[in-house]
Every structure is written in C-alpha cells, then in structure tokens.
C-alpha cells in the first residue's frame, strides 16, 4: 500500500472521531470503532514508523484523543481503548529503536521527528482537568480490594501508570523552550498539573501499601522521572525565602559574567587601538624566537597583537570520527520555580518518612528474584542516590534510609559496576546507554560514602559506631577497596563522559579521606589480600602414584585386599552393583570399548572399589565370551580370583596415561567453558596489615594522572569541590609519596601556565591553589634538571611510578634486574623464528615436550624462564592461551546442550545408582558421553531427580569407633619384627603369657605418649589455661558481672548458642570468628578478666598476626556448646548457678578414642585379663597399620589398632555365612602377608562364639546344615610345627610360602598340611584336588580336605 493511500485512510479515520466547538468535544457515532482501527494501524506499523509519524503530523492526540478521555470518561469501553492508544503513541522513542541511536541519516531524521512530536504531546498534557480525570479513575480502581478487582481493572491501572511514565520521560528541549533557572518549563507545568490532581498521594499510598507490591516498580520509575532535573541538595534546602548560600552564589555568578563582559570589551578595544588600519601596521622582528632558519622570527602583525602570537591560527583542527568523539553529558540539572521546589520537597519528606524503606526492600527483592523488567535496577540506583542525598541535607536521620545502608548494598553496587563495565566491551552499539547506567551506579556508591562521612559527624554514639562497623567491613574486602582505582585506570573519554570522571574523582577523594581517618584510629588495620597460588596440574599426582607402584608394592597391596576380593567373588560381602561394559550407541568401536572395560577393571581394583571391579569383570565376560579375554564362561571362584589378580598386576594404565581419559576431557571442557572460574580458584585469600601510604602510592599511575590532568584543564568550569579533589590527590602523590616527577608533563605545564596567568589568581582560592602547586612542581623540575638533562624529553610522556623514581634517582638505579628482564628486538625475532619452527614440528618428534620447552632449550639466552617465554608469546600475539602450546590434535567436543537420549540415559543411571555411596561418580563411570561433573550435577537438579544438591554428595560410612592416628605405625611394626624366624620360634608356649603382658605394657606406654603429644599439638595457644570446671567458670562469671559486662555475657551466650544450632543443622564444624559489633562488646574483648572467661569456656584466641578475632573452635561439640551457653546466660542474669559436681572438669571437647579407653581398661585390670586369656586360650593378632594412602571401609576401621598392640578381635557376626565347625584356627603374624580385617573376622568367627561367655557377648543360634562346607584358605607356611588338627569340614587350603621370589606352583598333593600361619578364606564349589594359585612372589600349595557336617 502506498504512503499516500495510508495517509488518506489515517486522515479519514481521524476525521471520523468527532469534533469540538471550543468548549465541549462531540464524538461521532462510530468513534469507538474508529479508535480501534487506529490501534490496529499502529499494530501493523513497520520499522520506519510511517503510521506513527503520520498520526503525529495530524495532531490527533491534541485535538481528539485527550478531549475524549477528558469528556467521556464515564464510557468504560471508550475510555479503555483511548488509553491503550495514548500509551502506544507516547511510547519512548528510544524503545522503538531498540535502545540504539540510529546512525543512518534517514533513520536519524525519523528518530528526531518522533522526538519532536512527543515533545508536542507533552505540551498538550499540561491540562489540570485531564489529569483530574485520570487520577480520579486510578483512585477508584485502587480502592477496590484484590478479590473484587478484575483483570481488566488491573490492566487499566498499569496502563494509566505507564501513560504517566511515558509523558514524564519525554526529553526536554532547552533550545526550544529557552527557559532559565527559577522559571517554569514544560516539565514543571506537567508536575504542577499532577500536583493539583493529587497524584502524589496515590503514589505514596502505593509505595507504602503491602497489597500493591506489584506496582512498586511503576511508582519508583514515575518518581525518578518527576525528580530527574532536580538537585537533591537544592531541593532539601529550599524555603520560602532564598538562603544566604543561594544569594551568595547568584552574586558570584553575576559578578563573573560582568567580569567576562568587561574583559571582552577591553580586548576588543585593544585590538583596534591605533590611528591606521592593521594592514599598515608594519613588519617586526621577534627577538629570542627563531624561525625555521637561524634568523629571528618575522611578524606581519600590528604591534598591539604581538603578545597574542599564535602558530596554531593557520592550522586545521584534527577531525575525529563519530565513533571516536568524546562522550557528551546527557543529564540536565536545573532549578525550578519556588512553588515546584516546595511541592517536591514536601513530597520527598513524606516519601522518606513513610515509604522509602518499604519500597526499596520490595524493589530489591524483585531485582534479586528476577521479577522485574530488564535494566530496572537503574531506577533503584537512582532512588538510592537521590533520597540518601536529600536526607543528608535535610535533617539527617539514619533510620529513614536504613534499608539501603548496609554491606549488601555496597556489594550490589560493586557487582553492577563490574557488570556494566564488562557489557560496554561486548555490546558496543549501546555504549552510551551502558555508560549512563554505570554513572548512576557510581553516584549511588558516592552517596553511600558521603552518608558514612556524615554519620561520623553525628552526635549519637550509636550512629558513629554503626559507621565504624560498616567502614571496617568495606575496607576489609579487597574488591571494595580497589574498585575506585580500577575505574580511574580504565577511564576512557570515548565511552565515559566528563561528568563521570568528575564523580569518580570526588568519590576517590571521599574514599581516601574515610580510609585515612579509619587507619588513623586503628593503627593496625588487617585487610584481605589476594595472591596467586602456584598452579598444579591435576594429573601430576596420579602419574607419581603410578610410577611408585612397583611390583613389590602391588604384591603387598594385593595381599592386603585378597581376603576382601575373595569375599566379593564368593558373594559373601553382599550383592554386586550393576555395571554396563558395552554401549551399542557409542561411536567407539567394540575393540575400543573392550580395552576401556579392561582398563576400568584395573583402575577399580587399584582404587579398592572391589564390588564394581568384580561386577564389571563378570559383565564383560558375558558380553565378550570369545577369546577368554575376561576369563572362560564357566569360570569357578578360584580361577576368577586368579584372573582378577592378573588384571590387577598388569600395567594397563602407564604413567603417561595416569590421568583418566574422562578426567582429561573434563579438564579440557572446564578450561573452555569456565576459564574465569579457574582464574578465581587460582587466587588464594590471606590477611595482611594495611598500609595507607602504599595504597595511595598505587594511585601514582600514568593513566590516573592523565585522567586527573585532563579534568584539571577545565578548572574554570569545574566546581571548587572538584578542583580541590584533584589538587588533594596531586599533593598526596607529589608530597606524601615523594614523586613530583610524575607531574613533569608538557600538557600539565600548559594548564599550570594558564592558571598562573589567570586574572582570578588573586580573588579565586581554587586558582590560587593551582598556581601554588604549579610553582612547587616547576621548582622540582629545575632541581632535577641540574642532575638529569634528559628531563626535557620526559615532558613528552606520561610516567609510571618506577619511571618517576628513575628520573630523580638515576636510570637503572631503582631496579638493576629490570633491564635484564627486558626483551631486545633481536630476542623477539629469535622467539618468533623458534616458535614457527617448533610449531611445524610433528607431535611425535617433540619427545613429549610442548612448544615452550623446545623454545627454551634452543634459545640463546638461557636465563629466560618458561613463564617469561609464555608471557612474551602472548604479548607478541603468537598464542592466546597456554593450552595451544601442547600441540594436541583437536578432539570432537561433546555438545554443551543435552540431547533427549542423554537425558534418558542420565535418568536410567540415576535410578540404578541412587543408593550408591558416590552417586555422581557411579553415573560418570557408566555414562558413555562424558561431561564435567558439575554439568552432570546441574542436569540432575534441572531434571528434578533430586531436590537439593546436598543429596548428591559422596556419602561417608558411619564411624563406629573414633579414628586413631596410626601414621608411622607400619615402619615401627617392621622394625619390631626384623628378627629372624628362629628367634620367634625359640620361645615356648609357657612364655607366651608373659610376653603378651610385657607387650601390652609397652603398647600402653607408647600409646599414652603419642596421645599426649597429639593433645599438646591440638591444644594450641590455650593449652596453658587451667582445667575448666563449673566452679572456676562461676567465679569468672562473677568477676565479669561485677565489672559491668552482663550485657556482653548475654551477647556471647547467644553467639555460642547460634553456633551450636548451625553445627547441629549443617554438620559444619569449622571455626567461627566472634565479631564484636558494639562498643561495649569491643571493650570487653580487650579486658583481661573477660579473656580469662573466654579461655575457661574453651574459645580460641587469635593465633598469629593474620587473625584478629577470637574463634569458636571446631573441636567443641554441640552439647558442650549448649552447656557453655547456658552457663553464660545464667551468669548474665545474676542468678546463682547450681552445679551437681562443681569441681568436676567439663566434658572433653572430643570423645576419647575407643582404643585409648580399651587400653586404660586393660592396664587397670591386667591380671584379670591374663586369667581370662589363659582360660580361654584366646589368640592375639598383630595387625599392620594402614598406610597413609590406604582407603579403609567402615568394617576395616574397626579392626585397626595402634602399633604392635595385641588385641583380641571382637566377636563378629556376618549375615552372609555362619560357620558351624568347632575348630580353632590359629593365625600367626607375618610381615609379608597379612590377612585383611574381613578375612580375620571370618576365620575367628567360631573362636569368638566359643569365647562369648568370657567376653559377655550374646550367643548366636546356629542351625545345623547337611550341606558340605568348602573353604579356600590362603595362608602362609612357616617353619613352625603345630599339632593343630585340620578342620572337619571339606576345606580347600592354599598355603603361601614366602621363600622363593619366582612364581611357581607346588602341584604335589598334601593330605595332611600343617596349620598355616595366616589364612585367607575363599569358598569353593569345586570338589577337585589341588587348585593352583599364583600370588605374587609366594608359592601356593592347594589341599582339599573333606568331612561331612553332622
């Protein structure tokens, strides 16, 4: 459809709406349908906005739509449709163009045309009757309760509020209006019409009402638009009469204008002074000014203009492209008429008193929960800055702004600033928009600091204390301290306006002033410090472990776990988990999956995940029966045991493949997707003492000085506060830090010259201070010139801290090693050449080295480090990341999005392994397409398989007995058994009891010494305190209460009670610092009497200079904490504390280890136990302590005791098997083959049951079985002869002999074997003869003995 036809139809529709006779508007019969047609036309508008521009040209809004709303508000349908059309027509133009200013000429003209039309719309809204109708209708709808309010009513309320927002958001046009201060602009006229209609009351009601929380964002946006042109300081100080400051300011401005006019007239008169025309002024030589030759400069100007000689007059100014022009200020601040200011002042006071805290809480909650529209946080930041500034200038009351005065607010603003700055680098088309939002966040941060400064001057001590606490928390965190410095260093005039720089400078001044005052009161301020910790490759530890696993160590490890392996093979340890070795949908071939399955079995066995290994072995045997790769199909238990041992001993995961394939892929994906998180993890946070001078020295940066100097160039138009902030930082750097050479710069000297020649030098204090500072810098410049003639060249460059020191002290004297680290051009060229050569070298020929290692070997200068080479490669653009140096072939990545098949597979695996100890680990082991662990966890939560992430954590077995420190017991066990077998055999049976008695005494003595040393180490600095008893605590409480610290006791009791509740709920026993927030608590924490009470209660003082707070230690249990809290609460109330046993020490903070208790019982009742042992002939077993890297199950931990301790195994009842034989199988200790705890339980099961009467343990009822019992006993032969009879049941006994180191099998039958010195049981269903087993370096002999059970 052509444009002419569209215009004709629009004109016809507008004419069919109605007409006016000057007083009343008369609508046509089809006015409602015509209005709906206009809505449809706007809905079908294109990107050129032809319909919208045509409706603006017809002035339909001024002539028809507004009169319809005003005169026909009773017609509900007509009113609703007209409001919809008005909202659409007044929609902000910038939103129509997607928040981007058009750059094309035609599109820019369309944009400007729409802005002009909306400015005309705004003039039409200066109608009191119109706003009275709209506000009245809005009030009627708000009076309805929520249960009676329909959906149409809710939509109409939002549309009226949006219409008010649209009208107020129309930008002002100062050039067209030509309004001065104290004059009424169009925006002021609209505000006055809204005031007469009573809109402020409705806004205050919605902002403070709990039932209208959904409209709070609309209200806050309207309020921000109402006050956007106002200065909070001027608005707060407005009165019926002009203040003295306003009068003084107006007089100064008037005098300044008159002075400039007089100066211009004087210059004009001097220009034409003389009798003749300037053309006949003559020609002159200018002395002491050379031309391009050796002669003096010739001037063809009149003598009067010789002082204004300028060589730049004929030069053309440098043109900057549009995208390189400096950012212009968009904010307009003006002073409205007195009536408008008084009206807005009254509104702000009522808003602060009744609605600020509530609406700011609701808005912040909506922003944090993402229930607001995009970028609505800018209104929140504006409101925070404006109303906090208004409150500061008008009867400062902290309680009115308490909602936004917190550390969380500092964190929120700091996060928004970082987000805006990062977005400016990515969304380059909307840089002006993001820059304005960043400016709002900065102003909010500045107002927070100024509020803290005002709180320091308050007469109320509680307000000053709150300010001190807030400053201590803000100055403690490194991100808060360095935010202003980062903004100054990253200032870019192309992306940020000059007013932004002014606010940054003033904010830095306030921050430094507050920090200096805080450090003055607290001389030893401890703050956070970030430092990079050395990066460790994850695969390094694994490779070392593989290298250290020699054949001897593998054999020892297999001997330890052989009993448990046999239990899983025979099915005694429980049901095996389900495993899937083959995936038909995988892209890997069948041979590759077979190899992966074999490697997984090897890894599971070495990691002691025996159940999964046995299950995977059997599953793989069923999938791949051909070739007997995983064993024959009808494999018995003994052959399966041998097959598992063969897989275990094989080196299937060599050192170069020690890092698991899946973990390697996971690391690569994490490097690709989470590089920023990896950088954060590489930073470690510690504490250090803060130095204010060192912090100020960091502002001695070339970019910071350049930004400040740029702002000082406009000192004539800057405020006196801005100029003061600039000079103050210059003084800190030049005088306090002794770095005047930082200001040796030509452009800064030009500014100094202008200030010294300024006529206001004698009247204006700011200009006088600039000239004074300029004289000091110039004096220092000429002083340095005497020793350094190169300082003239230094004027052309901005200097760093180090370069400024070198200018004064001499080049190279500051850091002698700096020149050695610098790269010459020849070295850079050599590095490029070597990189190109090594990059083209095939990976196979690199010998396992990356490009950086090869370059380092071939570099001429061998003093360079690998890190320096990589850094220089990045600077030269040769690489972007370190992983490019590996030269690995590109691998197909798993797509980041999950497919439906992967989600289904994940659901199946979760259902299979949801009862496992490590759910995510089992899922990742069986999942075909491997992904990082955190991605799997996030997907499980997204699918709703679990409700909380804590359910996916690795479960820990319940601790039956406390953990005993057994580090180093293995070495001493071997030292105690270094004697020969003859020495062991030489002892007779009669001396056994005595030897056991002496051994137990030595064990008791050694254990007590070890535990005393551990207690000393764990006690820390509080080990010298007396033993805490209720009586001592009661005396200390009386002293503290008499000193007037009863309130502090209640606070401390509450803190300890909260810590107990948190530990009981979360199970987190980390030390908790105790922070004193009030002045009374702070003073008490420094009192010696209170320190004594803290020691008796069990709290931990600061241990070193990095800690500054007392802490609740991790060793205090929940009951102990609650008891101490009750003592403190009773003592604070003054009531007498009743104790059952006042002199009995408090319960220990940790449960006494069970081993220590058993040893104490043994030492106290030694004779009685000796008698019991002699009666029952109970055998003692020496257990070897586990190594540091050994992982024990919950059952194994029960059977590990201290070094060289002979203990009687407790009776163990297994559900999987009950032996009904009455034979006693004696197990002798050995250093080469030690049975595992599970096998010992099975061996001594009958023995424990037989001795249950002496040990006071319940008996187990045994059923008789007619079935034959077959056992495979793996034991070790010794030279000792024993008369023990073989068991009656049919046993398959394998004897392990440690004599030869070669692997051999004794196939000779042995019908009457000697009793073994150590046995491992493995059930067998085979009735054949000897079964050969090869176990490490030992010789195996198998004997079958059969007896029927009776």
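One-based numbering along the chain as shown.
Each Cβ is built from the backbone N, Cα and C atoms, and glycine gets one as well.
In TrEMBL, the feature coiled coil is placed on 587-614, out of the ranges 531-558, 559-586, 587-614.
TrEMBL assigns the feature region 'Disordered' to one of the listed ranges (236-259, 260-283, 284-307), namely 236-259.
TrEMBL assigns the feature region 'Disordered' to residues 655-680, out of the candidate ranges 499-524, 629-654, 655-680, 681-706.
On the 0 to 100 pLDDT scale, the model's mean across the coiled coil (587-614) is 83.
Helix, strand and coil counts from DSSP across the domain 'Timeless C-terminal' (1037-1121) read 47 helix, 5 strand, 33 coil. Secondary structure by DSSP for the compositional bias 'Basic and acidic residues' (241-259): 16 helix, 0 strand, 3 coil.
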